[in-house]
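**Q** Below is one structure. I have some questions about it.
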Amino acid sequence: MARGSLRRLLRLLVLGLWLALLRSVAGEQAPGTAPCSRGSSWSADLDKCMDCASCRARPHSDFCLGCAAAPPAPFRLLWPILGGALSLTFVLGLLSGFLVWRRCRRREKFTTPIEETGGEGCPAVALIQ
């Protein structure tokens with residue numbers, strides 16, 4: 001009797017392997033193994049790839065488990081903080097520029113010295129040589 005049950009088990013094993021081979025040759029996809037593009041996941045219920053963006057509206061769909069975790073919510077205060085920092089930098093730059101200009105303006109002499117060479121007595125060619 002043990003020999004008959006062993007044969008039966010062997011037949012079942014061969015039959016199972018044969019069915020698995022036929023299934024793989026036929027191209028039938030196992031759930032979760034379909035070659036979906038990035039941002040989509042295989043839905044066993046619908047037998048096609050579904051977009052992961054729809055998981056926000058329906059998070060309990062069967063294909064949402066294959067999607068990566070949802071990206072974190074964007075930081076909404078980024079632009080106001082960045083704008084404030086740039087504005088502060090611009091105002092401080094203008095203020096420091098004005099203070100430097102005012103200080104240098106105070107030291108500047110309003111008349112420039114005039115060099116008197118005596119007219120035509122000293123030609124430019126003589127200075128170069």
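From the backbone N, Cα and C atoms, a Cβ is placed for every residue, glycine too.
Heads up, here are the entries from Swiss-Prot:
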- 1-27: signal peptide (SIGNAL)
- 28-80: topological domain 'Extracellular' (TOPO_DOM)
- 36-67: repeat 'TNFR-Cys' (REPEAT)
- C36-C49: disulfide bond (DISULFID)
- C52-C67: disulfide bond (DISULFID)
- C55-C64: disulfide bond (DISULFID)
- 81-101: transmembrane segment (TRANSMEM)
- 102-129: topological domain 'Cytoplasmic' (TOPO_DOM)
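Give me the lay of the land around each of these features.
**A** For the repeat 'TNFR-Cys' (36-67), the model's average pLDDT works out to 83.
A simple way to gauge crowding: the CB of C36 (disulfide bond) has 20 other CB atoms within 10 angstroms, across all the protein chains here. According to DSSP, C36 (disulfide bond) is assigned to coil rather than to any helix or strand.
Close to C67 (disulfide bond) in the fold, though at least 6 residues off in sequence, lie S40, S41, C52, C55, each with a CB less than 8 Å from its CB.
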**Q** Using all protein chains in view, find how many other C-beta atoms are within 10 Å of the C-beta of C64 (disulfide bond).
**A** 17
